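**Q** Pulled the feature table from Swiss-Prot, pasting it below:
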DOMAIN    2-351  domain 'FMN hydroxy acid dehydrogenase'
BINDING   Pro77, Thr78, Gly79, Ser106, Gln128, Thr156, Lys222, Asp277, Gly278, Gly279, Val280, Arg281, Gly300, Arg301  FMN binding site
MOD_RES   Thr178  phosphothreonine
ACT_SITE  His246  active site, proton acceptor
Amino acid sequence: MSLVCLTDFQAHAREQLSKSTRDFIEGGADDSITRDDNIAAFKRIRLRPRYLRDVSEVDTRTTIQGEEISAPICIAPTGFHCLVWPDGEMSTARAAQAAGICYITSTFASCSLEDIVIAAPEGLRWFQLYVHPDLQLNKQLIQRVESLGFKALVITLDTPVCGNRRHDIRNQLRRNLTLTDLQSPKKGNAIPYFQMTPISTSLCWNDLSWFQSITRLPIILKGILTKEDAELAVKHNVQGIIVSNHGGRQLDEVLASIDALTEVVAAVKGKIEVYLDGGVRTGNDVLKALALGAKCIFLGRPILWGLACKGEHGVKEVLNILTNEFHTSMALTGCRSVAEINRNLVQFSRL
(Lines of atoms letter the chains of each structure in order from A and count residues from 1; the text may use other names and numbers.)
(Lines give C-alpha, C1' and ligand atoms only; values in the text may rest on other atoms or scores of the structure.)
Protein backbone atom coordinates (compact mmCIF):
# COMPACT_ATOMS: atom_id res chain seq x y z
CA MET A 1 0.00 0.00 0.00
CA SER A 2 1.35 3.41 -1.00
CA LEU A 3 1.24 5.93 1.82
CA VAL A 4 0.58 9.27 0.13
CA CYS A 5 -1.15 11.34 2.82
CA LEU A 6 -1.26 11.56 6.59
CA THR A 7 -4.50 9.61 6.88
CA ASP A 8 -2.84 6.74 5.01
CA PHE A 9 -0.19 6.67 7.73
CA GLN A 10 -2.92 6.71 10.37
CA ALA A 11 -4.63 3.67 8.86
CA HIS A 12 -1.37 1.77 8.45
CA ALA A 13 -0.18 2.62 11.97
CA ARG A 14 -3.38 1.19 13.42
CA GLU A 15 -2.48 -2.15 11.88
CA GLN A 16 1.00 -2.11 13.47
CA LEU A 17 0.12 -1.21 17.04
CA SER A 18 -1.44 -3.03 19.97
CA LYS A 19 -4.93 -1.97 21.02
CA SER A 20 -3.69 -0.30 24.20
CA THR A 21 -1.06 1.72 22.32
CA ARG A 22 -3.57 2.70 19.61
CA ASP A 23 -5.97 3.84 22.30
CA PHE A 24 -3.24 5.82 24.05
CA ILE A 25 -2.31 7.68 20.85
CA GLU A 26 -5.77 8.17 19.38
CA GLY A 27 -7.81 8.70 22.52
CA GLY A 28 -9.35 11.97 23.61
CA ALA A 29 -10.88 13.05 26.88
CA ASP A 30 -14.44 11.99 27.72
CA ASP A 31 -16.46 11.82 24.46
CA SER A 32 -13.55 13.03 22.27
CA ILE A 33 -15.63 15.93 20.95
CA THR A 34 -12.70 18.35 20.95
CA ARG A 35 -10.32 15.78 19.47
CA ASP A 36 -12.62 15.37 16.47
CA ASP A 37 -13.49 19.06 16.20
CA ASN A 38 -9.81 19.99 15.93
CA ILE A 39 -9.89 18.35 12.50
CA ALA A 40 -13.42 19.32 11.50
CA ALA A 41 -12.86 23.01 12.31
CA PHE A 42 -10.25 23.33 9.55
CA LYS A 43 -12.85 22.16 7.03
CA ARG A 44 -15.13 25.05 8.03
CA ILE A 45 -12.53 27.45 6.63
CA ARG A 46 -12.42 28.12 2.89
CA LEU A 47 -9.52 29.41 0.81
CA ARG A 48 -9.53 32.55 -1.38
CA PRO A 49 -6.78 31.98 -3.97
CA ARG A 50 -5.12 34.72 -6.02
CA TYR A 51 -3.97 33.99 -9.56
CA LEU A 52 -1.73 35.40 -12.31
CA ARG A 53 1.23 35.50 -9.96
CA ASP A 54 4.63 34.06 -10.76
CA VAL A 55 4.89 30.98 -8.53
CA SER A 56 7.76 29.35 -10.40
CA GLU A 57 9.75 29.66 -7.17
CA VAL A 58 7.98 29.04 -3.86
CA ASP A 59 9.94 29.31 -0.60
CA THR A 60 8.52 27.53 2.47
CA ARG A 61 11.26 28.69 4.85
CA THR A 62 10.49 30.77 7.92
CA THR A 63 11.87 31.46 11.40
CA ILE A 64 10.77 30.71 14.96
CA GLN A 65 12.43 32.51 17.87
CA GLY A 66 15.05 33.73 15.42
CA GLU A 67 16.01 30.26 14.15
CA GLU A 68 15.44 29.36 10.49
CA ILE A 69 13.37 26.26 9.70
CA SER A 70 12.75 24.72 6.29
CA ALA A 71 8.97 24.98 6.61
CA PRO A 72 6.47 26.12 9.27
CA ILE A 73 5.82 22.47 10.16
CA CYS A 74 7.41 21.24 13.38
CA ILE A 75 7.03 18.39 15.87
CA ALA A 76 4.89 18.82 18.98
CA PRO A 77 5.81 17.22 22.30
CA THR A 78 4.32 13.75 22.73
CA GLY A 79 5.43 11.15 25.23
CA PHE A 80 6.64 7.57 25.17
CA HIS A 81 7.75 7.18 21.54
CA CYS A 82 9.26 3.80 22.43
CA LEU A 83 5.70 2.50 22.57
CA VAL A 84 5.61 2.67 18.78
CA TRP A 85 9.26 2.21 17.71
CA PRO A 86 12.23 0.66 19.54
CA ASP A 87 14.52 3.70 19.70
CA GLY A 88 11.62 6.12 20.06
CA GLU A 89 12.53 9.78 20.34
CA MET A 90 15.99 9.21 18.91
CA SER A 91 14.40 8.34 15.56
CA THR A 92 12.07 11.33 15.84
CA ALA A 93 14.97 13.67 16.56
CA ARG A 94 16.99 12.37 13.60
CA ALA A 95 14.03 12.89 11.27
CA ALA A 96 13.51 16.44 12.52
CA GLN A 97 17.19 17.23 12.06
CA ALA A 98 17.14 15.87 8.51
CA ALA A 99 14.05 17.93 7.70
CA GLY A 100 15.50 21.12 9.14
CA ILE A 101 12.63 21.75 11.54
CA CYS A 102 12.11 22.03 15.30
CA TYR A 103 11.35 19.09 17.58
CA ILE A 104 9.86 19.76 21.03
CA THR A 105 10.99 16.97 23.33
CA SER A 106 8.49 15.94 26.01
CA THR A 107 9.11 15.64 29.74
CA PHE A 108 7.59 12.19 29.23
CA ALA A 109 10.11 11.08 26.60
CA SER A 110 11.04 7.42 26.82
CA CYS A 111 14.65 8.16 25.80
CA SER A 112 16.98 10.29 27.90
CA LEU A 113 17.70 13.84 26.85
CA GLU A 114 21.35 12.93 26.43
CA ASP A 115 20.57 10.08 24.05
CA ILE A 116 18.27 12.32 22.01
CA VAL A 117 21.00 14.94 21.65
CA ILE A 118 23.59 12.33 20.66
CA ALA A 119 21.18 10.98 18.02
CA ALA A 120 20.67 14.41 16.42
CA PRO A 121 23.37 16.80 17.63
CA GLU A 122 22.67 19.48 15.01
CA GLY A 123 18.89 19.49 15.36
CA LEU A 124 16.83 22.44 16.58
CA ARG A 125 15.34 21.31 19.88
CA TRP A 126 12.94 22.86 22.38
CA PHE A 127 12.00 21.19 25.66
CA GLN A 128 8.45 20.82 26.99
CA LEU A 129 8.09 20.94 30.77
CA TYR A 130 5.32 19.55 32.92
CA VAL A 131 5.91 21.54 36.09
CA HIS A 132 6.62 19.25 39.04
CA PRO A 133 5.69 20.24 42.63
CA ASP A 134 9.38 19.92 43.55
CA LEU A 135 10.95 23.20 42.38
CA GLN A 136 14.45 21.81 42.76
CA LEU A 137 13.63 18.98 40.36
CA ASN A 138 12.30 21.53 37.85
CA LYS A 139 15.46 23.60 38.23
CA GLN A 140 17.77 20.63 37.74
CA LEU A 141 15.88 19.53 34.65
CA ILE A 142 15.85 23.02 33.11
CA GLN A 143 19.57 23.48 33.74
CA ARG A 144 20.24 20.10 32.20
CA VAL A 145 18.18 21.02 29.14
CA GLU A 146 20.00 24.33 28.77
CA SER A 147 23.43 22.69 29.04
CA LEU A 148 22.43 20.19 26.33
CA GLY A 149 21.73 22.94 23.81
CA PHE A 150 17.93 23.08 23.79
CA LYS A 151 16.84 26.47 22.46
CA ALA A 152 13.54 27.15 24.27
CA LEU A 153 11.50 26.06 27.28
CA VAL A 154 7.87 25.16 26.56
CA ILE A 155 5.73 25.13 29.72
CA THR A 156 2.47 23.21 29.44
CA LEU A 157 -0.40 25.00 31.20
CA ASP A 158 -3.44 22.84 30.51
CA THR A 159 -2.57 19.85 32.69
CA PRO A 160 -3.00 20.77 36.38
CA VAL A 161 -4.73 17.39 36.51
CA CYS A 162 -4.93 14.64 33.91
CA GLY A 163 -7.95 14.60 31.61
CA ASN A 164 -10.47 11.79 31.83
CA ARG A 165 -9.15 9.44 29.14
CA ARG A 166 -11.44 6.44 29.31
CA HIS A 167 -9.41 4.09 27.13
CA ASP A 168 -6.27 4.60 29.20
CA ILE A 169 -8.22 3.94 32.39
CA ARG A 170 -9.61 0.70 30.97
CA ASN A 171 -6.24 -0.42 29.62
CA GLN A 172 -4.22 0.57 32.71
CA LEU A 173 -1.49 1.56 30.27
CA ARG A 174 0.37 3.75 32.76
CA ARG A 175 1.68 0.75 34.66
CA ASN A 176 3.84 -0.17 31.67
CA LEU A 177 5.45 3.25 31.22
CA THR A 178 8.54 4.81 32.80
CA LEU A 179 9.80 8.38 33.04
CA THR A 180 13.47 8.66 32.18
CA ASP A 181 14.12 12.37 32.69
CA LEU A 182 12.45 12.97 36.05
CA GLN A 183 15.35 11.24 37.77
CA SER A 184 19.11 11.24 37.39
CA PRO A 185 20.22 10.64 33.79
CA LYS A 186 22.07 7.54 35.01
CA LYS A 187 20.73 4.34 33.50
CA GLY A 188 18.34 2.34 35.62
CA ASN A 189 16.87 5.26 37.55
CA ALA A 190 13.67 5.66 35.54
CA ILE A 191 10.49 5.55 37.60
CA PRO A 192 7.08 4.13 36.68
CA TYR A 193 4.66 6.71 35.26
CA PHE A 194 1.89 5.64 37.63
CA GLN A 195 4.16 6.26 40.66
CA MET A 196 5.11 9.76 39.56
CA THR A 197 4.39 12.61 41.97
CA PRO A 198 1.53 14.57 40.36
CA ILE A 199 2.12 17.53 38.10
CA SER A 200 1.83 20.77 40.04
CA THR A 201 -1.77 21.83 40.65
CA SER A 202 -0.74 25.18 42.13
CA LEU A 203 1.12 26.70 39.16
CA CYS A 204 -0.01 30.29 38.59
CA TRP A 205 1.00 33.35 36.59
CA ASN A 206 3.24 34.78 39.30
CA ASP A 207 5.35 31.61 39.21
CA LEU A 208 6.61 32.47 35.74
CA SER A 209 9.07 34.99 37.17
CA TRP A 210 10.82 32.14 39.03
CA PHE A 211 11.31 30.23 35.78
CA GLN A 212 12.59 33.37 34.10
CA SER A 213 15.09 33.83 36.93
CA ILE A 214 16.70 30.40 36.48
CA THR A 215 17.04 30.20 32.69
CA ARG A 216 18.12 32.32 29.76
CA LEU A 217 15.97 30.28 27.39
CA PRO A 218 12.93 31.83 25.71
CA ILE A 219 9.77 30.68 27.49
CA ILE A 220 6.82 29.47 25.40
CA LEU A 221 3.44 28.81 27.03
CA LYS A 222 1.56 25.83 25.61
CA GLY A 223 -2.19 25.42 26.04
CA ILE A 224 -3.60 28.94 25.78
CA LEU A 225 -7.05 29.21 24.15
CA THR A 226 -8.40 32.63 25.20
CA LYS A 227 -7.58 36.28 24.68
CA GLU A 228 -7.55 36.82 28.46
CA ASP A 229 -4.73 34.32 28.97
CA ALA A 230 -2.95 35.55 25.86
CA GLU A 231 -2.92 39.08 27.26
CA LEU A 232 -1.54 37.78 30.56
CA ALA A 233 1.18 35.91 28.68
CA VAL A 234 2.30 39.17 27.07
CA LYS A 235 2.09 40.97 30.43
CA HIS A 236 4.38 38.35 31.98
CA ASN A 237 7.01 38.77 29.26
CA VAL A 238 7.07 35.30 27.77
CA GLN A 239 8.36 34.86 24.23
CA GLY A 240 5.63 32.78 22.63
CA ILE A 241 2.32 30.93 22.86
CA ILE A 242 1.25 27.59 21.45
CA VAL A 243 -2.51 27.65 20.92
CA SER A 244 -3.44 24.11 21.90
CA ASN A 245 -6.08 22.01 23.62
CA HIS A 246 -3.69 19.09 24.13
CA GLY A 247 -5.10 17.25 21.13
CA GLY A 248 -8.47 17.04 22.88
CA ARG A 249 -6.90 14.88 25.61
CA GLN A 250 -7.47 17.19 28.58
CA LEU A 251 -10.74 19.14 28.86
CA ASP A 252 -13.33 17.96 26.36
CA GLU A 253 -15.76 20.38 24.65
CA VAL A 254 -13.33 23.31 24.50
CA LEU A 255 -12.66 25.30 21.35
CA ALA A 256 -10.86 23.66 18.47
CA SER A 257 -7.34 25.06 18.28
CA ILE A 258 -7.88 26.76 14.92
CA ASP A 259 -11.08 28.40 16.23
CA ALA A 260 -9.19 29.82 19.22
CA LEU A 261 -6.27 31.06 17.14
CA THR A 262 -7.85 34.27 15.85
CA GLU A 263 -8.63 35.77 19.25
CA VAL A 264 -5.23 34.83 20.65
CA VAL A 265 -3.41 36.41 17.70
CA ALA A 266 -5.51 39.56 18.03
CA ALA A 267 -4.81 39.76 21.76
CA VAL A 268 -1.00 39.61 21.51
CA LYS A 269 -0.91 42.36 18.85
CA GLY A 270 2.27 41.03 17.27
CA LYS A 271 4.30 41.38 20.48
CA ILE A 272 5.13 37.66 20.72
CA GLU A 273 5.04 34.72 18.34
CA VAL A 274 1.96 32.49 18.24
CA TYR A 275 2.04 28.85 17.14
CA LEU A 276 -0.67 26.19 16.86
CA ASP A 277 -1.09 22.48 17.35
CA GLY A 278 -4.14 20.27 16.97
CA GLY A 279 -5.97 18.97 13.92
CA VAL A 280 -3.44 19.69 11.15
CA ARG A 281 -3.62 16.91 8.56
CA THR A 282 -3.01 18.60 5.17
CA GLY A 283 -0.98 21.33 3.54
CA ASN A 284 -4.14 23.40 3.26
CA ASP A 285 -4.51 23.18 7.05
CA VAL A 286 -0.99 24.57 7.47
CA LEU A 287 -1.80 27.42 5.09
CA LYS A 288 -5.03 28.24 6.94
CA ALA A 289 -3.26 28.34 10.30
CA LEU A 290 -0.61 30.71 8.96
CA ALA A 291 -3.24 32.88 7.27
CA LEU A 292 -4.93 33.29 10.66
CA GLY A 293 -1.72 34.37 12.32
CA ALA A 294 0.22 31.28 13.42
CA LYS A 295 4.00 31.49 12.90
CA CYS A 296 4.15 27.72 12.47
CA ILE A 297 2.22 24.57 13.35
CA PHE A 298 3.28 21.61 15.45
CA LEU A 299 2.31 18.01 14.61
CA GLY A 300 1.45 15.48 17.29
CA ARG A 301 -0.32 12.24 16.39
CA PRO A 302 0.81 12.17 12.71
CA ILE A 303 4.44 11.98 13.86
CA LEU A 304 3.63 8.91 15.94
CA TRP A 305 1.84 7.34 12.95
CA GLY A 306 4.95 7.81 10.83
CA LEU A 307 7.15 6.45 13.59
CA ALA A 308 4.92 3.39 14.04
CA CYS A 309 4.98 2.63 10.31
CA LYS A 310 8.64 3.08 9.43
CA GLY A 311 10.57 4.60 12.33
CA GLU A 312 12.80 7.53 11.39
CA HIS A 313 11.98 7.08 7.69
CA GLY A 314 8.26 7.16 8.44
CA VAL A 315 8.58 10.46 10.31
CA LYS A 316 10.61 11.87 7.41
CA GLU A 317 7.89 10.78 4.98
CA VAL A 318 5.13 12.39 7.06
CA LEU A 319 7.09 15.65 7.18
CA ASN A 320 7.92 15.50 3.46
CA ILE A 321 4.31 14.81 2.47
CA LEU A 322 2.97 17.69 4.53
CA THR A 323 5.69 20.07 3.36
CA ASN A 324 5.07 19.17 -0.28
CA GLU A 325 1.33 19.64 0.19
CA PHE A 326 1.96 23.02 1.82
CA HIS A 327 4.24 24.02 -1.07
CA THR A 328 1.44 23.13 -3.49
CA SER A 329 -1.13 25.04 -1.42
CA MET A 330 1.09 28.11 -1.46
CA ALA A 331 1.53 27.94 -5.23
CA LEU A 332 -2.18 27.42 -5.87
CA THR A 333 -3.13 30.42 -3.73
CA GLY A 334 -0.49 32.69 -5.27
CA CYS A 335 1.94 32.79 -2.34
CA ARG A 336 5.63 32.80 -3.20
CA SER A 337 6.86 33.06 0.37
CA VAL A 338 5.50 32.49 3.85
CA ALA A 339 5.49 36.27 4.33
CA GLU A 340 2.82 36.56 1.61
CA ILE A 341 0.35 34.35 3.49
CA ASN A 342 -2.26 36.58 5.14
CA ARG A 343 -5.83 36.79 6.44
CA ASN A 344 -7.22 37.64 2.99
CA LEU A 345 -6.59 34.05 1.87
CA VAL A 346 -9.32 32.57 4.08
CA GLN A 347 -12.94 32.95 5.03
CA PHE A 348 -15.07 31.03 7.48
CA SER A 349 -17.74 28.96 5.76
CA ARG A 350 -21.42 29.41 6.65
CA LEU A 351 -21.98 25.67 6.15
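Cβ atoms are placed via backbone N, Cα and C, with glycine included.
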**Q** Does DSSP give His246 (active site, proton acceptor) helix, strand or coil?
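**A** For His246 (active site, proton acceptor) - judged by DSSP and reduced to three states - the answer is helix.
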**Q** Could you give the maximum C-alpha to C-alpha distance in Å for the residues Pro77, Thr78, Gly79, Ser106, Gln128, Thr156, Lys222, Asp277, Gly278, Gly279, Val280, Arg281, Gly300, Arg301 that bind FMN per the record?
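**A** Taking every pair of listed residues, the largest Cα separation comes to 23 Å.
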**Q** For a quick check of understanding: among the binding-site residues Pro77, Gln128, Gly278, which residue's Cβ has the most other Cβ atoms within 10 Å?
**A** Gly278
**Q** To the nearest whole angstrom, what is the C-alpha distance linking His246 (active site, proton acceptor) and Gly300 (FMN binding site)?
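**A** Taking the Cα atoms only, His246 (active site, proton acceptor) lies 9 Å from Gly300 (FMN binding site).
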**Q** Going along the chain, which residues six or more apart from Lys222 (FMN binding site) have their CB under 8 A from its CB?
**A** Pro77, Gln128, Val154, Ile155, Thr156, Leu157, Asp158, Ile241, Ile242, Ser244, Asp277
